[in-house]
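To start, the structure itself, in structure tokens.
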Amino acid sequence: MDPVGLQLGNKNLWSCLVRLLTKDPEWLNAKMKFFLPNTDLDSRNETLDPEQRVILQLNKLHVQGSDTWQSFIHCVCMQLEVPLDLEVLLLSTFGYDDGFTSQLGAEGKSQPESQLHHGLKRPHQSCGSSPRRKQCKKQQLELAKKYLQLLRTSAQQRYRSQIPGSGQPHAFHQVYVPPILRRATASLDTPEGAIMGDVKVEDGADVSISDLFNTRVNKGPRVTVLLGKAGMGKTTLAHRLCQKWAEGHLNCFQALFLFEFRQLNLITRFLTPSELLFDLYLSPESDHDTVFQYLEKNADQVLLIFDGLDEALQPMGPDGPGPVLTLFSHLCNGTLLPGCRVMATSRPGKLPACLPAEAAMVHMLGFDGPRVEEYVNHFFSAQPSREGALVELQTNGRLRSLCAVPALCQVACLCLHHLLPDHAPGQSVALLPNMTQLYMQMVLALSPPGHLPTSSLLDLGEVALRGLETGKVIFYAKDIAPPLIAFGATHSLLTSFCVCTGPGHQQTGYAFTHLSLQEFLAALHLMASPKVNKDTLTQYVTLHSRWVQRTKARLGLSDHLPTFLAGLASCTCRPFLSHLAQGNEDCVGAKQAAVVQVLKKLATRKLTGPKVVELCHCVDETQEPELASLTAQSLPYQLPFHNFPLTCTDLATLTNILEHREAPIHLDFDGCPLEPHCPEALVGCGQIENLSFKSRKCGDAFAEALSRSLPTMGRLQMLGLAGSKITARGISHLVKALPLCPQLKEVSFRDNQLSDQVVLNIVEVLPHLPRLRKLDLSSNSICVSTLLCLARVAVTCPTVRMLQAREADLIFLLSPPTETTAELQRAPDLQESDGQRKGAQSRSLTLRLQKCQLQVHDAEALIALLQEGPHLEEVDLSGNQLEDEGCRLMAEAASQLHIARKLDLSNNGLSVAGVHCVLRAVSACWTLAELHISLQHKTVIFMFAQEPEEQKGPQERAAFLDSLMLQMPSELPLSSRRMRLTHCGLQEKHLEQLCKALGGSCHLGHLHLDFSGNALGDEGAARLAQLLPGLGALQSLNLSENGLSLDAVLGLVRCFSTLQWLFRLDISFESQHILLRGDKTSRDMWATGSLPDFPAAAKFLGFRQRCIPRSLCLSECPLEPPSLTRLCATLKDCPGPLELQLSCEFLSDQSLETLLDCLPQLPQLSLLQLSQTGLSPKSPFLLANTLSLCPRVKKVDLRSLHHATLHFRSNEEEEGVCCGRFTGCSLSQEHVESLCWLLSKCKDLSQVDLSANLLGDSGLRCLLECLPQVPISGLLDLSHNSISQESALYLLETLPSCPRVREASVNLGSEQSFRIHFSREDQAGKTLRLSECSFRPEHVSRLATGLSKSLQLTELTLTQCCLGQKQLAILLSLVGRPAGLFSLRVQEPWADRARVLSLLEVCAQASGSVTEISISETQQQLCVQLEFPRQEENPEAVALRLAHCDLGAHHSLLVGQLMETCARLQQLSLSQVNLCEDDDASSLLLQSLLLSLSELKTFRLTSSCVSTEGLAHLASGLGHCHHLEELDLSNNQFDEEGTKALMRALEGKWMLKRLDLSHLLLNSSTLALLTHRLSQMTCLQSLRLNRNSIGDVGCCHLSEALRAATSLEELDLSHNQIGDAGVQHLATILPGLPELRKIDLSGNSISSAGGVQLAESLVLCRRLEELMLGCNALGDPTALGLAQELPQHLRVLHLPFSHLGPGGALSLAQALDGSPHLEEISLAENNLAGGVLRFCMELPLLRQIDLVSCKIDNQTAKLLTSSFTSCPALEVILLSWNLLGDEAAAELAQVLPQMGRLKRVDLEKNQITALGAWLLAEGLAQGSSIQVIRLWNNPIPCDMAQHLKSQEPRLDFAFFDNQPQAPWGT
């Protein structure tokens, strides 16, 4: 027994343990490596006896402390076959703290370190603690070599039998397959590169381990960063490098050191390089300084590897980086150990800024298919299950995609190794569907068969979760209970290593074998532990963004935790979790449901690309189809992925989710590092419609993988592969794959640096892609010869419609033929031939070869090529090197190339000499519409028009029309040709040659010339004026910016005499804008046949042309008297009519006088306009004087002293009235007399407008005094002149002195109007309207005085003048006149609140006799008519009548006053009053009043509220009014009793002439009363009973009652139900009514039978003037009957909606033709289709014609509109809701100028287009008096309608009728 055994106190137990372990020395060695990672198991121990070696190893374990010893004992009991009695003794003795003696613990701790870590860690002192010893060079070299050998030996010992992962199965240790490595093309020289690792990675160039380091001195970067996602094998590769170096493969390095940041993070102090190497790795046996000096001197042969750079702790405060990161930074930058090589491994993320910009970046991309197969072969080498494993991987696509991650591939192999012997082939699909179940099966595989240690798993999971939450990945023995350490070691869940934080500070650390395993165990704990509730659980289900640089500085440790939680939420995992949860299946189910619910919420949110990928992983792990479907459907149509790495597993997961989606999706991968085999994951994804990749990482291998996937994507329409490194090899794969994708519509290979031949290879597939619309080959530099080859492809390929090449751009646009699916499936050769045949028939090609360095010989080749090709839409060769010859060749070829739209030769070096050649070359080109050449701007553009035979189809013409109208009037129709030679430096010497070259163009169409921006000067302008007649009829000539003087400009005015085509000359002198134009409508829009040929439109435009005046517009020009004199002298010979428009900054009085003096010399002048011209205050008087001096002036309009217009009569017009407008001219009182004196010299002034001046009250007073001298016969407008009530009262006082004033109106409110209307003769009666005058009480007496003196004033209206009831009563009492009638109308807000009683009380105060009273509460109006002098009533008679009134004292007094005042009352009107609100007191008073009104002739009570009792009172009063001639009770709703009372009141009313009972409900009893009373009314002239519910029986009785009414003139029975029977009775009596003038039977259900009888009767009504029979089914028979003999005095005929046809309507029209009295006709809503409604003879009085909704078409409208000229009085034409088109509009536009009284035309809901509307606008412009033409709901685009309305406001396109005011002066 050794001493230790003796001290244990149980020698027998120790011996048993030694004997047990001696049987399995390999197991003990493995445990020694686990618990003592740096233990040296060298050959020196092999000489010992096996039992002694075991004792030595146990001693080493024992001295580590109780935790290690207890963990070891637990491992012994778990893993070895220990007898039960021995296991109990071992656990009871050593398995707990009390079994470990403190003495031995102390003894173990006191042993020297060399015994603890023999062979690896030698005791040493720090580098700085020993004095420097002098050694010779040889000794230094020996020491260094000894250390280097020690370093290599220690590495050999470490990797002798395994790679990292101690305790794992043997198979794990032997398998190593290098992953795919790709080197980045650029280093970290940008912040983006530092963040992500540069995404521009070479594809297809794998990097081997030996290639990672460039050993050439001073060549390449010294720092290498290895980037790879979790599980890619970064740590494994780092240890592999150490192993390779230990085996002598990396001879370029003498020393290699490997550090892990997870351990370095534990260092809290700053380290020197020697401390890093010797204290934390391996210390020399002696003389550390000498060894370090050697390493420093040979640093270029030293390799430092840092694993887990992403785990480096970033600085948290302002103190800078941590100690280890600082040291790492200095090593990378070369400030420490300069020249050494540094390699760091990291996950993609935000890397520290300390990395140098030139650091080499290498990406680890995991396994591709061959590597997975190789790994499986190695793993299962020499095992019978190898083939089975390969089969499983081949059949299980999901498992195969998971194996792209090397760590998962290792786990998958372990699971297959466990599953294959016990399961049938193909079970992996069910057992290993995702990553979570891989780990679950791994746990089951590592567990003892049939036994799952649930508590240990959950406890270890709790440790894992605690580590994730605290950021801890290294655990010590104190952190994990010994049984858990033993459990982790036994099941290969934990790995151990030596943690050295300084000299002498070393201890064993534990970590989970992989971070993902730690996350999986944490997820197990969360899902199965009873300590965790579901609310806590859901907090861990989050999505982590991979854009780490934007969110956090360090990658999280729980990135996969949500994925594992989602995977454990799968139903498949429930039995496993329930077992872990001790059978608590309900709790597990609730947690699973909670996880799924969180994922459902996340699925419906808008997520970034990285989170979408994370979500897809989580959803895919759940294996829930419903959740997958929800996620797939919630993904956006455009799904972008930008600037974050994606693996093949990511894309495979995305594909799995998309399988649950129905709608197509667009995937865009921009800047995402992708593995070369990534596209394989998209195989069979039928939901992808657009697929786009943009990454330098994509190369040939990527393209090859993509070519295999593309044919399987059935919906793919767009493929983009931009910015890649694809070569010819990769493109060849894609070219072979593209024809297998016939559904592709767009393909992009932008920015791929493709060669010429590769580009040509690509375009070869164009005929094989029948639906392709776009091919983008931009940013792939090609030569000119290749470009011409591509042009040939564009010409020959039948589907290409555009080739666009400009510098880097190269794009094909195609128009695939419309083909069915069956056609697409036919043989390719048949498709190609069909396509060529169709293309030859209809294709047009656009060719844009801009800035392509084309020369003259290239142009020749291109012309030859294009002549063989299809029609060309556009050819753009701008920016090349064609020069004069090349441009000439292209211009000559233009007519042969059939270019439809544009030829652009800009920026091709054209000279002035070349301009002439080009002009001659295009002279014979019939289709040229415009040529624009500007040598200064290097512009040469040819615009072409379609040939006439190519313009087919009405739809094309309509589309052309709309486009034309949108351009009017500034743009040109296709029939014109415009030649623009601008900024070409042309001088006078060039003109003759130019005009010769232009001669051929002048005869091809209407020519527009533009010579602006040249250098013609005065000589050139004069010479051009001589040459212009030789050029024929131009449409316009632009001479702007040619340096002309004022003399030359005025000289151009002579062209009016020499050029017949010149209609308008616009000159802006200062800006040198000079434009000569013809008539804009004489461009002959129908010349080419491109527009419909309307004879009416052509005739109308011809008429317009004859009437259009010539116009000279001269602006920005100094208008001095000499210039004006010369100008007028030049204009003498100008043919007329002439409009002269002048504009300058200021026009002096002398210049204005000169201009006005010259007016008599210009008899052809029709308009003189001074716009935007400053005029002096004297100008109003100068202009006013012209009204008398120049008889041709008919209107002067001066506004604001800046705008003046003079309108002149033509020579044919007779002298007539004139008008003057002087608004906003600052006229005040001092100017009034002078102005009135000048106006008094006029013969006849129809209107004078002095509004918006400064007259004030004093100026107005002065003006009113001068009024008698001014011969005004129309309107005087003085609005907006700052007047007050004083002026209103003065106007009243001056009315007696103004005999010709007929009406005056004053509004002092916001309207501020003051208008006086005159007549030519003295007016007997005058009307004055005063509104919002705010009269005060003191004004009432003055108002009354004025009214009393103005005896000719017969009517006064006071609207809202602040007169209360009291003031109104005073006014009525004060007004007194000698004799005559006077009406006062008051409208005040209080009138609607005042009762009838109070209003009658006001009337009682009148001084004259009240003859009429009218009260309307809702209109707030009281009207009183007074008669003077007042006739006093006999007091005794009044007292007698009062005695019979049952009224109170106050009411009796009021009745008495009324009886006196209203004794002569003849009319009492009450409208919309309420007689119920005062307990019938008003009706009682009215009863009393009616009893006294012996002269009352008219009583009206309409639309009012009266109680039954009140009606009885009124009926009683009315019963005594025996002289009543008119009774109106319409629009009331009385009950039957009240109605009967009123009917009884009609008894004895034999003098009644007019009776209106409309809307009263007349039942049989009330109607019987009425008919009985009617039979007594022999004087009745008008009876209105509309809407009284009268039937045929009632009509029969009514007819009998009317037999005696021989004086009846009007009968209105409309909208009853009399029917044919009632009409029959009525027809029998109508001939007996000889005075009948108006009958209205509309809406009475009369059919054609009744209508015929009625027509026969009406023929006998000789005096009939108005006949209204609408809304009855009369039909043509009735119309024919009426037409046989219409009454000769007929004025109004209304037959709307009468079921008339063309025959009936035409018969009526013929009967009405030439009717001298007809004023209105309505045939609306009848069918006139095919009928021609025409009037041949004049209808002199016809004012309105209504033909709404009569199905009138263009043909019918032609004759109808021609008839309108026979109706000189026509004011309203209603043609809405018909079928009128542009032809009808043209006809109407032709007659509009001839209709002087027409005010309104309704053309709503027709078929008029923009052309028709424009023609109507042109018709309005001819001086029509029309106020509005309504065009709502015609097929006119909104923008076009707005444009037309801006040009002509009287065109109304709105739904509501917004009629503008008529133009002033009409």
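Even glycines carry a Cβ here, placed using N, Cα and C.
Noted in Swiss-Prot for the protein shown:
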- 105-135: region 'Disordered' (REGION)
- 222-539: domain 'NACHT' (DOMAIN)
- Gly228, Lys229, Ala230, Gly231, Met232, Gly233, Lys234, Thr235: ATP binding site (BINDING)
- 741-765: repeat 'LRR 3' (REPEAT)
- 769-792: repeat 'LRR 4' (REPEAT)
- 869-892: repeat 'LRR 5' (REPEAT)
- 976-1000: repeat 'LRR 8' (REPEAT)
- 1004-1026: repeat 'LRR 9' (REPEAT)
- 1031-1058: repeat 'LRR 10' (REPEAT)
- 1138-1161: repeat 'LRR 11' (REPEAT)
- 1462-1488: repeat 'LRR 15' (REPEAT)
- 1493-1516: repeat 'LRR 16' (REPEAT)
- 1554-1577: repeat 'LRR 18' (REPEAT)
- 1661-1684: repeat 'LRR 22' (REPEAT)
- 1687-1714: repeat 'LRR 23' (REPEAT)
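Known features from Swiss-Prot, placed on the structure.
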| residue | record | Cβ within 10 Å |
| --- | --- | --- |
| Gly228 | ATP binding site | 27 |
| Lys229 | ATP binding site | 23 |
| Ala230 | ATP binding site | 17 |
| Gly231 | ATP binding site | 25 |
| Met232 | ATP binding site | 25 |
| Gly233 | ATP binding site | 24 |
| Lys234 | ATP binding site | 23 |
| Thr235 | ATP binding site | 21 |
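Per-class residue totals from DSSP over the repeat 'LRR 16' (1493-1516), listed helix then strand then coil: 9 helix, 6 strand, 9 coil.
Classification of Gly228 (ATP binding site) by DSSP places it within a strand. With a threshold of 8 Å between CB atoms, the same-chain residues lying at least 6 positions outside the repeat 'LRR 5' (869-892) that come near it are 795-796, 801-802, 806, 839-840, 843-856, 858-860, 862-863, 898-911, 913-914, 917-918, 921-922, 940, 942. Sequence-distant contacts of the repeat 'LRR 11' (1138-1161), counting only residues of its own chain at least 6 positions beyond either end whose CB sits under 8 Å from a CB of the stretch, comprise 1109-1121, 1124-1125, 1128-1129, 1131-1132, 1167-1176, 1178-1179, 1182-1183, 1185-1186, 1189-1190, 1192-1193, 1206.
Counting same-chain residues at least six beyond the ends of the repeat 'LRR 23' (1687-1714), those with a Cβ under 8 angstroms from any Cβ of the stretch are 1637-1638, 1642, 1648, 1658-1659, 1661-1680, 1720-1739, 1741, 1746, 1748, 1750.
Taken residue by residue with DSSP, Gly233 (ATP binding site) is part of neither helix nor strand, so it is coil. When the repeat 'LRR 3' (741-765) is classified with DSSP, helix, strand and coil residues number 8 helix, 3 strand, 14 coil.
Residue counts of the repeat 'LRR 5' (869-892) by helix, strand and coil are 10 helix, 6 strand, 8 coil (DSSP-based). Other residues of the chain with a Cβ within 8 Å of the Cβ centroid of Gly228, Lys229, Ala230, Gly231, Met232, Gly233, Lys234, Thr235, the ATP site, are Thr345, Arg347, Met364, Gly366, Val405, Pro406, Ala407. Sorting the repeat 'LRR 4' (769-792) by DSSP state (H, G, I as helix; E, B as strand; all else coil) yields 9 helix, 3 strand, 12 coil.
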